[in-house]
Amino acid sequence: MIHYLKSFFLYEIVRGMALTLKYFFKPKVTINYPYEKSPISPRFKGEHALRRYENGEERCIACKLCEAICPAQAIVIEADEREDGSRRTTRYDIDMTKCIYCGLCQEACPVDAIVEGPNFEFASLTHTALIYDKERLLQNGDRWEQALASKLRKDYEYR
């Protein structure tokens with residue numbers, strides 16, 4: 001019986017070493033991350049951004065659909081009515097530590113105001129830096145507008 005267990009154990013070690021050697025001589029599939037970047041899918045969901053119209057006016061009409069549909073309750077919106085009767089946001093906050101990047105806010109938005117952009121490098125050392133206010137979201141939208149617009153055009157037929 002002991003001989004059987006020893007031979008079984010030896011067999012497993014040899015089998016494991018064979019598997020290791022099989023992959024040892026194959027080309028590496030990992031990348032050297034900060035210096036090399038892997039391609040990103042066109043439907044990648046990254047850092048949030050608020051978009052503007054071509055004339056510079058923000059797109060958000062304060063319908064609060066994104067706030068209502070967010071499963072993590074990461075979005076907080078406050079709005080006021082303008083003199084012309086339209087509504088605009090006075091406060092638009094997203095707690096990125098709560099966000100699960102599901103994309104439901106982007107799907108719910110009737111005017112494509114809130115989108116998830118291509119940026120995935122927004123780590124921070126503090127919690128407060130990951131609570132995005134309206135100004136930060138608009139800056140993200142201005143910075144990534146070209147990429148966001150082309151991404152939405154490519155995906156338009158599927159929406």
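Easy rule for this one: first residue shown is 1, then count along the chain.
In case you wondered, yes, glycine gets a Cβ from its N, Cα and C as well.
Per Swiss-Prot, the features are as follows:
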| type | residues | note |
| --- | --- | --- |
| BINDING | CYS60, CYS63, CYS66, CYS109 | [4Fe-4S] cluster 1 binding site |
| BINDING | CYS70, CYS99, CYS102, CYS105 | [4Fe-4S] cluster 2 binding site |
| DOMAIN | 51-80 | domain '4Fe-4S ferredoxin-type 1' |
| DOMAIN | 90-119 | domain '4Fe-4S ferredoxin-type 2' |
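Neighbour counts were taken as the number of other C-beta atoms within 10 angstroms of each residue's C-beta; across the binding-site residues CYS60, CYS63, CYS99, CYS105, CYS109, the minimum falls on CYS63. Secondary structure at CYS105 ([4Fe-4S] cluster 2 binding site), taken from DSSP and collapsed to helix, strand or coil, is helix. The average pLDDT computed for the domain '4Fe-4S ferredoxin-type 2' (90-119) is 95. Here the domain '4Fe-4S ferredoxin-type 1' (51-80) is broken down by DSSP into helix, strand and coil counts: 5 helix, 8 strand, 17 coil. In the structure shown, the C-beta of CYS70 has more C-beta neighbours within 10 angstroms than that of any other entry among the binding-site residues CYS70, CYS102. Among the binding-site residues listed here, namely CYS60, CYS63, CYS66, CYS109, CYS66 has its C-alpha nearest to that of CYS99 ([4Fe-4S] cluster 2 binding site).
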